[in-house]
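Noted in TrEMBL for the protein shown:
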- 34-51: compositional bias 'Low complexity' (COMPBIAS)
- 23-52: region 'Disordered' (REGION)
- 223-257: repeat 'PPR' (REPEAT)
- 363-397: repeat 'PPR' (REPEAT)
Amino acid sequence: MLLRLVRRSYAAVCPLSTEAATAVKSTRSGGGTSTTTSSEGGTSTATSSGGRDTLGKRLLSLVYAKRSAVIAIRKWKEQGHPVRKYELNRIVRELRRHKRYKHALEVCEWMRVQDDIIQLVSGDYAVHLDLIAKVRGMNSAEKFFEDLPDKLKVQTTCTALLHTYVQHKDTAKAESLMEKMSECGFLNCPLAYNHMLTLYISQGQLEKVPRLIEELKKNSAPDIVTYNLQLGVFASQNNVEAAEKAFVELKKAKLDPDWITFSTLTNIYIKNSLQDKAKSTLREMEKRISRKLRFAYASLISLHTNLESKDEVFRIWKEMKSMFHKLNDTEYTCILSSLLKLDEFGEAMKLYTEWESVSVTKDTRISNLLLAAYINKNEMEKAVEFHNRMVQKSKPPSYTTWELLTWGYLKQKEMDKVVGFFKKAVTSVSKWDPDTKMVKEMFHVVEEQGNIQVAEQLLVTLRYAKYVNTEIYNALLRTYVNAGKMPMIVAERMKKDNVKMNEETQKLIGLTNKMTVTEVPDFVA
């Protein structure tokens, strides 16, 4: 349970969902990087086209968002260099690939006012709209679209606006726009449909998917992205027969399945204990990944882990280390999660030590994987030793770190330590998202032990977290009943906390009134 808790905080290590992987794939492109110095100062990533000074290098080396791409273009022109549209479009693509949206938008806006030398087409405006949505929000993107002349409100710009609605999960506006695009004859390719499929899947509206795919088939033809999204739906429904039928249809359409296709099929087969089929599709998946598809290797390792193929996990990891100069946190998280799942704790510790020596992030989410593993093994002494190591070598402990230690000692019913770590967890965040299961379990143990001191400390901590209710006060009173003690000023404290009594509260107060009076602890007031 604790390992699952940590994995949820680092979801990127799981096999990519079809729609997520499709989105990643569509935004990735080739091209190396190198370090260069900006004419305005600072160092950043630039294209690896050599040492020659180019406008692209200057724009990519701006580093900080507050620096102006327009000023850099002006300086380039003042120095007698030509500015060509095809080059600026390539630079915009590169900036978008590096998520430098603000500078990419500035380049687009500069091109837009150069109508004497640069002639823009609808595709340029579609890119411009997408960047506005990313930098300034959906409303600004809508305004940009509305202000376009009618001759530019065409398929490309409408699809860009639809993509914006999908990203903001605005189903009503997306469906309305789809209707208008249908009236204008703009739905003769699968892209808009794929956007809507992504939206419905992300919103859990899977009942809308079949109808939309049928409509797509009437107006155009599904592409590989469509089929991958459909396979993702069948995977979530654990429907092997439907997935295999879709795969046959894909092949009949003479489309080439990609690594995402086979990754999704493998996942379905593993869930249904179809080991031989899973191994077969996994081999096909591996044939379709390469150095350029680096992010696919994490999915490959996770799927081999689910097949309990230890040798294959080690083989892929060895291949990754030989292929890539430096492995990132996500990749280390993937292999550590896999090794722990395969009960290879010793190997996991070796790789954790390796990560510790090379990581610049010292991300506590990775450390928490090992901490959770110790706690799952009921080795709290080693867990604390490891926690001390984390404190010495990593960033300050995160909420999850304190939460794990709270659960660990809760399993041991060492409530003095539980309340201490729980307080650290709650005070480590600006707003605590109540963990009702944890609260219920903590009070269950203190009730069982009749530990009124800890019960009162828990109440104080929960009051600080602004999570006090009738049931918590009833749990406090049940603890007093089990301890054979009468609490003081409970009614006054409940009134101060704006908590109402119920029938059980009244009954418990009546029981404690017959017991020995106890003093209010100093920390309660």
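Every residue gets a Cβ built from N, Cα and C, even glycine.
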To what whole number does the mean pLDDT across the repeat 'PPR' (363-397) round?
94
In the repeat 'PPR' (363-397), how many residues does DSSP assign to helix, to strand and to coil?
27 helix, 0 strand, 8 coil
Per DSSP, what is the helix/strand/coil residue tally across the repeat 'PPR' (223-257)?
27 helix, 0 strand, 8 coil
